[in-house]
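Peer 1: This structure is in structure tokens; I'll ask about it shortly.
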Amino acid sequence: MSDIVGILKFLIIISIFDCFYGFEIRQPNNEVKNLRYGDILLTEAQIERIKMTENPLNKVRSHFRREAMTMRWNDAVVPYTISPKFGLMEKMLIQKAMKQIQEVSCFKFKPRNYETDYLKISKLDGCYSYVGKIGGGQELSLANGCLHDYIIIHEFLHAIGFEHEHQRYDRDNYIEVVYHNIEPSQYHNFDKVNIHEITTFNYKYDLKSIMHYDETAFGRVNGMTRQKLVTMVPRDKSIKLNDNLELSTWDIEKLNIAGNCKSENNNNGGNNVIESGGGEIPSVVVVDCLDLSPFCHLYLKQGLCINPIYVQLTTSLCPKTCFNCMTPV
């Protein structure tokens, strides 16, 4: 009997790490339709616009991907349904994550009555969500390996309109992406989102955000040590990019902006703020930041500043045009 229990525990652990390992979210089923960047669902129109930029000969569309914050949840209320496939304890975990968001913002999750737009919280084949409200009943999947506070909150923040932090257009000012350590099939997870396509809420880069993956996300495995290789290195060497298992202070403040919350919900130093240990790396604009190529504006227009194949070259040649003019102090 004890042997059977031990085997079951092992299988449960393996299933968890299949979906979520070292704060990266990847899917065991690679055939989920319109799934991108590990855990983001896209509409058909968004998929078509992405294809426009994946060919470096095509011009970048200023709003090619998704309009996450143009369709907000009305009055910061998110109606939802929960699949009966979830057990009682699983439902309690989901509701606990909802409560954590509600306690630090004006967002409210409420069981759906007759609302047209709502979250369909399902137990499908991975951890994933659309970004922002897309209209109608939109899937948010939480499979067995996804049922942890920080993963559930991560997916809820996607549904509210948050992008991955490490895909921000200015991320190269704060982290170095080590491309040769990334699994070749996972390069797309480090695509940068153009400055015109992402809502940063006018906040600087947040290494402590629950939307930021850890330093070995999507890394290849070292053949000798069997450990994952580092794929993201903070430019401030005093900072280690660990798993972010809580909402950062800036996550909370941005939540309140996203919900148009009144001042009493902006938890500036209040008891509900979950301290993150500092969310930003101080930075300064390099005074002599100049482009070295006369073709930089063309590189930007053709999407080469954010194309992972060309990004190291273009940000070196065109630091000003490709948003690479800031350096940590």
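Cβ from N, Cα, C; glycine included.
For Glu155, the entry in TrEMBL reads active site. Per TrEMBL, the feature Zn(2+) binding site maps to His154, His158, His164. Residues annotated as disulfide bond in TrEMBL: Cys106-Cys261. Marked as domain 'Peptidase M12A' by TrEMBL: 67-262. As annotated by TrEMBL, domain 'ShKT' applies to 289-325.
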Peer 1: On the 0 to 100 pLDDT scale, where does the domain 'ShKT' (289-325) sit on average?
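Peer 2: That region's mean pLDDT is 76.
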Peer 1: Going by a 10 angstroms cut-off between Cβ atoms, which of the binding-site residues His154, His158 has the sparsest surroundings?
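Peer 2: Among the binding-site residues His154, His158, the sparsest Cβ neighbourhood within 10 Å belongs to His158.
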Peer 1: At a 10 Å cut-off from the C-beta of Cys106 (disulfide bond), count the other C-beta atoms across all protein chains.
Peer 2: 18
Peer 1: Quick one: pull the CA-CA distance for His154 (Zn(2+) binding site) versus Cys106 (disulfide bond), whole Å only.
Peer 2: 17
Peer 1: Cα-Cα separation of His158 (Zn(2+) binding site) and Cys106 (disulfide bond), in Å?
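Peer 2: Distance between the two Cα atoms comes out at 17 Å.
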Peer 1: What is the number of residues in the domain 'ShKT' (289-325) that are helix, strand and coil, as DSSP sees it?
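Peer 2: Counts, helix then strand then coil: 13 helix, 0 strand, 24 coil.
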Peer 1: Taking only the recorded positions Cys106, Glu155, Cys261, which one has a CA atom nearest to the CA atom of His164 (Zn(2+) binding site)?
Peer 2: Glu155
Peer 1: Quick one: Cα separation, the residue listed as 'active site' versus Cys106 (disulfide bond), in Å?
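Peer 2: Distance between the two Cα atoms comes out at 18 Å.
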